[in-house]
């Protein structure tokens, strides 16, 4: 099936175990670096000037780029491809439109729509950060680098419609969730809290974003959905109507992706029989 370069899982169990261990080490190293950045003098300067944590997301982009160069992966393997770009844009917009707009509409209807005052003076920085560094940066790291590399550990033995996926999608979603779960945790600041609701929510979101990556073969749809999902919580005060709108929006995104997965395409072939791990 031509949606993504079908990299077969590594042949031997020891190689797959080593590859999985290396991915976990990379993830742990990123977390440690992000926590160190948080206590550095650079972080204070960055917060005063830009408000958002750009450095952590520059690190994420750098890891993915360095991995592609070091491991000699093609950019297409990490989802950076112009093939079927229009399809990715269409699926991303259809999946993300309700997610971005419905929370705002419901908050406005109930008279609760209000921008976050803490962002006053940082609106341009917020838009740039959410689109390029969160939307693109996190997707390049997780749906690009991690998902492609986990797909080398696990065979893509399952399918929904014409879309093949495997445990690599789940592993990536779990890492995505854990990264957000650890957001409040920083021993360097004597902070040991964990965000359990973020773990559940972002792991679930990671499954949806990962499926869009397998569906389209690129990061375009995943980036658009990610950006759409961040419009309301990043820029507006959160309320019950908006939360309900987000839930409905994610449901619509799932429905759109599953519908798209079943649409016939001239270059689609039926998923092959799964091979053993």
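Glycine too: its Cβ is placed from the backbone N, Cα and C atoms.
Where the annotation comes from TrEMBL, it is an automatic prediction and has not been curated.
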Which range of 163-182, 223-242 is transmembrane segment in TrEMBL? It is 163-182
Original post:
Given pairs 6 or more apart, does the transmembrane segment (122-142) have at least three Cβ pairs under 8 Å with the transmembrane segment (243-263)?
Top reply: no
For the transmembrane segment (163-182), out of 17-37, 49-69, 89-110, 194-212, 243-263, most C-beta pairs under 8 A are with 194-212
Tertiary contacts of the transmembrane segment (194-212), defined by C-beta under 8 angstroms and 6+ residue spacing from its ends, are 91-92, 95, 139, 142-143, 147, 160, 163, 165, 169-170, 172-185, 221-222, 225-226, 229, 250, 253-254, 257, 261
Counting only residues at least 6 beyond its ends, the same-chain positions whose CB falls under 8 A of a CB in the transmembrane segment (17-37) are 10, 43, 53, 55-56, 59-60, 63, 67, 141, 146, 149-150, 152-153, 171, 175, 178-179, 182, 185-188
